């Protein structure tokens, strides 16, 4: 078994004006267990950043901390700063529902509501008091077009979301998330339940979406990270080991552990 120097780090930074999001000294605890260990990380606007690493390394925990989803876990505690538009959204006085409007989440498995395709998109808007049908129709069409689903469902908007394929359901969930106009999309292994064709379609959708959104994606699929991201970050045991342009991570990693992980020789 290879002995690695875990003090070895290579982490890029960006000019302040290009930042969509950043964390400073971010720690996440589940009870007494420290799952994320003081991560400083920056995300560039309108780029796709992939978070990779072995199971249990903390990448999903880190992702869920960015829009305060860990607040839903009783034993979770998050310290440090999560900086969005210069504001620390980890402050206890922040409205987490407002935060999640700006940092939308797409989960591992498609989770459409038990409603029509149309109502999946309009549900949050109607609850917020939007009643004008023309406005709602426009939100639905715009969101589904951005998620590359409109042409497939425009004649079936009032059918159940459960009539869609797995890949279509995931793109519906993306459409639902972007309908509230977030700046950032957080995706936790969004292709793990999809077949290769649906995965390819999802990646093509991501390429289009990054024109308007910043995307942060957790993936176990090295090929997907290499294909679909601009930047890649390697996590291990709650630490950020290496963070660089994706081509550098896969072709010229600075840390031996990173190189071994992406080449399948880790351990």
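Each residue, glycine too, has its Cβ placed from N, Cα and C.
Annotation comment: Swiss-Prot describes 21-262 as domain 'ABC transporter', evidence class sequence analysis. Predicted-model confidence for the domain 'ABC transporter' (21-262) is 95, expressed as mean pLDDT.
The annotation ATP binding site is assigned in Swiss-Prot to 53, 54, 55, 56, 57, 58, 59, 60. Long-range Cβ contacts of residue 60 (ATP binding site) within its own chain (separation 6+, distance under 8 Å): 188, 189, 218.
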Exercise. Using the structure shown, find which entry in 53, 56, 58 (the binding-site residues) has the sparsest Cβ neighbourhood within 10 Å.
Key: 56
Exercise. For residue 57 (ATP binding site), write down the residues of its own chain that are at least 6 apart in sequence and whose Cβ falls under 8 Å from its Cβ; none is a fine answer.
Key: 235, 236, 237, 238
Exercise. Sort residue 59 (ATP binding site) into helix, strand or coil using the DSSP assignment.
Key: helix
Practice problem: Could you tell me which of these binding-site residues, 55, 59, has the greatest number of Cβ atoms within 10 Å of its own Cβ? | Solution: 59
